[in-house]
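According to TrEMBL, the protein carries these features:
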type: BINDING; residues: GLY163, GLU164, SER165, GLY166, ALA167, GLY168, LYS169, THR170; note: ATP binding site
type: COILED; residues: 907-934; note: coiled coil
type: COILED; residues: 967-1001; note: coiled coil
type: DOMAIN; residues: 8-60; note: domain 'Myosin N-terminal SH3-like'
type: DOMAIN; residues: 69-755; note: domain 'Myosin motor'
type: DOMAIN; residues: 1289-1566; note: domain 'Dilute'
type: REGION; residues: 635-657; note: region 'Actin-binding'
type: REGION; residues: 1046-1066; note: region 'Disordered'
Amino acid sequence: MAVSELYSKSARVWLPDPEEVWRSAELTRAFTPGDQVLSLRLEDGSVLEHRIDLKSNRLPPLRNPNLLVGENDLTALSYLHEPAVLHNLKVRFTDSKLIYTYCGIVLVAINPYSSLPIYEADIIHAYSGQTLGDMDPHIFAVAEEAYKNMARDERNQSVIVSGESGAGKTVSAKYVMRYFATVSRSSVQANVEDKVLASNPIMEAIGNAKTTRNDNSSRFGKYIEIGFDKKNRIIGAMMKTYLLEKSRVVFQPLGERNYHILYQLCASSHLPEFKDFKLSCADDYLCTNQGQCLAIEGVDDAADMTETRRALTLLGFSDSDQMSLFRILAAILHFSNVEVKAQSADSSSITPDQHHLAMFCELMGVAYQDMAYWLCHRKLRTATETFVKTLSKVSAVNGRDALAKHIYAKLFGWIVDSINRTLKFAATRRCFIGILDIYGFETFDVNSFEQFCINYANEKLQQQFNLHVFKLEQEEYMKEEIPWSLIDFSDNEPCIRLIEARMGVLDLLDEECRMPKGSDDTWVQKLYTTLLKQNVHFDKPRLSNTAFIIHHFADKVEYQCDGFLEKNKDTVNEEHINVLKMSKVKPVSYFSVFSMECSLKTDTNSTSSTSKRCRQGPASKVHKKTVGLQFRQSLTLLMDMLNATTPHYVRCIKPNDQKAPFTLEPMRTVQQLRSCGVLETIRISAAGYPSRWTYQEFFKRYGVLVRQKDVQTNFNQTCKTALEKLIEDRDKYQFGRTKIFFRAGQVAYLEDLRSEKLRLACVSIQKTLRCWLARKKYLRMRRSAVVLQKHVRAQQACRFVRLLRWTNAAVVIQKNVRMWAGRRAYQRERSAAVTIQGCFRSYKARQSYYKLLYEQKTVVIQSWVRGWLARKRHQRYLAAVVLLQSCVRRLGARRELKRLRAEARSVEHFKKLNVGMENKIMQLQRRIDQQVRSVSSTDAHPRPRHSLGLYCFVFVVAESQAALETNRQLEKELLEERAHYQSLLSEHLQLEERHGDLQDKMNRSMYYGPVGQTKERTCESYFRGGSQRQELESENKRLKQDLGSLRKSLTDDSGPLAPPKPGSMPYNVLLEQLDCSNEELEMRKEEVLLLRSHMVRQTAFKHKVGGLHTLNEDGELWLAYEGLKETNRVLEGLLQDQGRAHQQEVQEVRRELLGVKEESGRQQQLLAQSLLLPKEAQVEACLQHEITRLANENLVGGPQRLPTCARRQSTVSQIGIPVNITRKEKVFQGMLEYKEGDESMLLKNLVVDLTPRSVAVSSLPWLPAYIIFMCIRYADHINDEERVSTLLNSTIISIKGVIKRRGKDFETVSFWLANAGRFLHCLRQYSGDEDFTKHNTPRQNEHCLTNFELSGYQQVFGDLVIQIYQQLIKCTQDQLLPLIVAGMLEHETAQGVLGSMPASQRKRGASVAEEADAVTVETILQQLSLFHGAMRQHDMDQELVRQAVRQLFHFICAVTLNHLLLRKDMCSWGKGLQIRYKAWQLEEWLMEKELSDCGAKEALEPLVQAAQLLQINKKTPADAQAICAMCSALTAPQIVKVLNLYTPVIEFEERVSPTFIATIQDLLRDRSEPTTLMMDVKSVFPISIPFVPSLVVMDAIQIPASLHLGFLTRV
């Protein structure tokens, strides 16, 4: 692409202007090669013809597209030249209120002359850990880059801050030091960071002064080395100073002031400690009133004095040292007012009553006469003699001023040395970061020796800067494997050689100083002679012979030679120093000694012999180092140190001389840009390939220019193919390994192509949209016409239908009227006929009814009479038969009852049998004991390998089998007796049934007899049945009593027949007999039930006697049915009981089987162990084991353990329910008993060594809290105050220790937050306070503390919960912090043409992560879900969960909003849309987790409103009103900041006008709210811990074995 193609119609260019330096114009006609003029139209609308220089053929520089205006990095501009740089800085500074801008490796800082809220601690933390270029330019970003490089590369760094007076160098250096002090804490107890920062007010007080350009101008250069240890913490600092402006102590130009400390001392002269100095206001002293500027607007000297004294105290200056310091400063003030009177042309004198000289001598501790004498005299020494010479008034005044400057300079050095001693490195220094705050290039109307030295230093720094920039540029090209061509840059080496080379300016100056009669005039003549024709950088003014010109890299400067020699010599009268030696004031004596030592230092070229001669006597001649030589040597050391470090550059710019806020004067700014090297950096970058894009970023920005068929999976190849088609000239770009390099202007060309592509797309969209709108309008009109037609036709149809309805209605009315009249006549006739017929028919019916009634009554009378006669006869017969049957049956029943009673009394026979069996069992037991004793006493008989216990077991089994056989015989006899008894019982039932039948017959036969007689008989039979039932029940009670006595005799250990031990075979046999007796009892119960069923039938029969006349067969069936139902219920109960007994048997058999297996295993293990022992030991081991086994069986098994076979036989043989003996459970009180001293073990297992994952998920929540509280309850129960306090304090210490060690583990912190909160709730719930106990159950109220009131510990544990909660928030914030900016701001959820701005040059230098590894808002939501899941898993209180979520959402909002306010590239319409979408996703997450009402949504409101602010219209006053009403959660500075940072990402958007921002500021001025810019990231909402009672009862808690708390016992 040819250059002429860029100068097309409507292209914008820059034209030189004498006032604005550069102004913009637009081409009204395209430029063609050969044209001599350009047709331009200026911004004010005027037309201009610009003539082109035919010799150079230079065209005006092109203007960058509006999209690139306001870039963070000047090197990212497409066109790199002076007007582009100036315009970009102007837009950022005046419109966007941004004072920092990158220019390659240089940070350009423009002094705003206004206080900005961009240096708070929140800003420091926001930039900490960020890569340079990720956020908007800032001094903190440069400091972070230096700190990070030092920590990563272990290489020393340096931050070089330069600029002219008033540009803000001191403030910038101060902020760099503050940043290091904030991000790095010292490793010693003394706060080194505060001391380093405290040196700033001291050095500003003694080294800064007000000048015409700056109210706080540094009149010296300083280099501060801040040392760091291996952990990158500050361990100390060291300060070096350069070229203090001593002449300011005795002279100040008009409108300037002396050093601040002198005015501060005068403003504080009223203090009691300063009364002895006898000071007054600053206007009374010559050294402070020459500039006629005694105060600075907005500065309180007295308050600054307080701050200075505080800093001196912090840096270790004692009160005596401070008073000595202020004493010397007061002496300088008095010394400046000393008046010298001229006695003649060559002599002068001082009057004896000089008050100020007397005060000076008093304060300095010297003799008045000596000082007054030597101020007016001078001692001269020759080779043979010494004589005193008087001085003229001018010489005496110069001597006075030289002594004052000397004292102040030495005081300055003493303070610096004292500060360095205080800040000395406390440990081994690994690396350091140096901060160089040095004067910038200066040129005034009158330039003297100080400006010469300053500009010389800037020449050296500019040379170092050029070499460093050139080196970095070369490294970048080599890293990307791009062919490197040598770039020409302006080297200032000739100018430096002019100054410092042999026979240069400084060398000639030193030579002239060594001449006895050297003067400024002779020195300047030597310069003309030596350098004028030999060096092009040296020149002579036309109209002056006492000045010379040097062409510096920034500008040419004319220096006046007056005073050069005197300032270079820096001589002080030796007698003045001798007078000071006699002072008793410590600093003064230090100054004199130090001065003499310095004066005795010889030149570097002096030989050792010369040194020896110097020591021989006062006549020895020594050469003192000149100021120029000292400065050159110190500057050489400084440059060596800077070259050994990695430099970082900060160039401070002074925008105007009026100190107007945010006002930029183009002429002053361009001068400083040229002098500070910014434009040189631009020129070096523009000479190569200044614009650099990664392949991915290029495709993301200019992918719209690539055809779909050219898109490949490889970004690199796609970009190469696209560029070959877009830019034909191959030299305009280069492909590197990771980046594409473009020549100047190519990015602007691509932006034009992209804008044109988007414009055509917009036109196509507009065309389609307009077509759609027109068609929509046509269809809407057509539908309207159709609707109108439909309604008209409908109206006509309605009218026609109405006419038809009226006609039809008239016909219907006529028809109905005629019908009504005819029907009425017919109904009258019909009614009359019906009435006549009804009367006749009713008469005939009554006649028939009377006849039938008479016949029916006759038949009824006959039937009743006949029936009554038949029933009387039948009843007489039936009563006789029933009476006969009942008498016979009663006789048989009485006989059977007597026999059954005899049978029942035969139970004594079974008791006798049992007594015999018990005797046999006792005999067997004694035989077993005898055999055991005989076996244990004889050891000679051979013994099998199995143990003696096995022999005993076999013998007992044999005897038991015999006993079982006998028992079976007894059971057989019992069964036979039982069968016989049941047969008799069945016969008894049959007889009773027959008796009932006979009685029924008798009753029927006696129907016609007296009813009273029948009632008496029925009652008699009822009472007879009742007597039988009572006899059976009494017999049953007697059998139960016998059974109870039998049990008592069996369990009586004191009787002669003591029962066998539980677990033995006789005992089991007795238990079996007991079961048989129980079974017999159950059978008797069954018989009683049968009798009761019979009595029920008798009772039912009794109730039926009253209605014998209705008794028939149906009544008998009902009685039988009721008896069957009673019997079925009894049988069902027996079957259910038998099923339960069977299930219990199966379970017991299984348990016995497991016990047998375990016993077999133990026996095998014991047998294996016994085989390894000697024979005697084997016997003893077997006996011991058998005794242990039998004891365990007796203790554990007890009466409940019966042989399975016996139990099974008993179950089969019995019909009733077996009797089970159950153990009653122990009632616990919800306490855990522990021994004194077990607290450490308890807390070690339960707190220190416990991990949340070790506690089972299914176990009881808050288990550690419950266990500790149960231990507290035990200590309270035993009334042991020491145990309570020890356990509570140890618990607090242990939990704090765990949180301290594992505070970064969210699961651990959330686990202990839940448990600490539950423990606090337990202290409240069981405290006995009615406010808490009303939520308890009665059982929980029984567990309240009784002896101690622990309300004090409730407060302590409440504080512990708050502490853990804060650690939880810190832990979550640390994990979320790396995700928030990337997920909420940087990641583009919906990519498209409305995406973010192209990345800056610095950010493009970093490696771009793959999309798959990008952090998205889903990543943040997943992390939040993990946090929420962990808190819910540990059953944290819901209120604490809600507060934690609210705090996290506030943190997300604060971090996102703070970074948004610090990143200009994120303030666009598209980015606002994406932020709103991501905020909506966070709100959806809240709804999903049912946390919508926890306040988290309100915490996101500032971020949502900031996103809305980016999207809303920002043009009219109505928009301003809407913005102020909408952004209620944003502060006024935040709203203004977002509007200033708003940046269009496409050509069709517009920037926010300054007028609109001013309107917003006017509307927001009345807001009563904080004026902070940044949201407080560390702000924590107040936490509340509401009481949440637990439903868990303490006595129901079980302790898992995994906790290893076996030493605790449940109580």
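Even glycines carry a Cβ here, placed using N, Cα and C.
Unlike curated entries, TrEMBL annotations are predicted automatically.
The Cβ centroid of GLY163, GLU164, SER165, GLY166, ALA167, GLY168, LYS169, THR170 marks the ATP site; residues of that chain outside this set whose Cβ lies within 8 Å of it are ASN111, ASN214, SER217, SER218, GLY440, CYS652, LYS654, given in sequence order. Residues 89, 93, 103, 105-113, 139, 142, 145-146, 149, 153, 155-169, 172, 176, 213-214, 223, 240, 242, 434, 436, 440, 456-457, 460-461, 464-465, 468, 663-665, 668-669, 672-673, 676-678 of the same chain sit 6 or more residues outside the region 'Actin-binding' (635-657) yet have a Cβ under 8 Å from a Cβ within it. Note on the domain 'Myosin N-terminal SH3-like' (8-60): DSSP counts are 0 helix, 24 strand, 29 coil. Figure note: comparing Cβ neighbours within 10 Å for the binding-site residues GLY163, GLY166, GLY168, the maximum is reached by GLY163.
Over the region 'Actin-binding' (635-657) the predicted model carries a mean pLDDT of 89. Sequence-distant neighbours of SER165 (ATP binding site) (same chain, 6+ residues apart, CB-CB distance under 8 A): THR211, ARG213, ASN214, SER217, SER218, TYR439, GLY440, GLU442, LYS654.
Around ALA167 (ATP binding site), a 10 Å sphere centred on its CB holds 26 further CB atoms from the protein chains shown. Sorting each residue of the region 'Actin-binding' (635-657) by its DSSP state yields 9 helix, 8 strand, 6 coil. Within 10 Å of the C-beta of GLU164 (ATP binding site) there are 24 other C-beta atoms, taking all protein chains into account. Cβ environment of LYS169 (ATP binding site): VAL161, SER162, GLY163, SER218, ASP437, ILE438, TYR439, GLY440, CYS652 lie under 8 Å away, each six or more residues apart in the same chain. If you draw a 10 Å sphere around the CB of THR170 (ATP binding site), it holds 23 other CB atoms from the protein chains shown.
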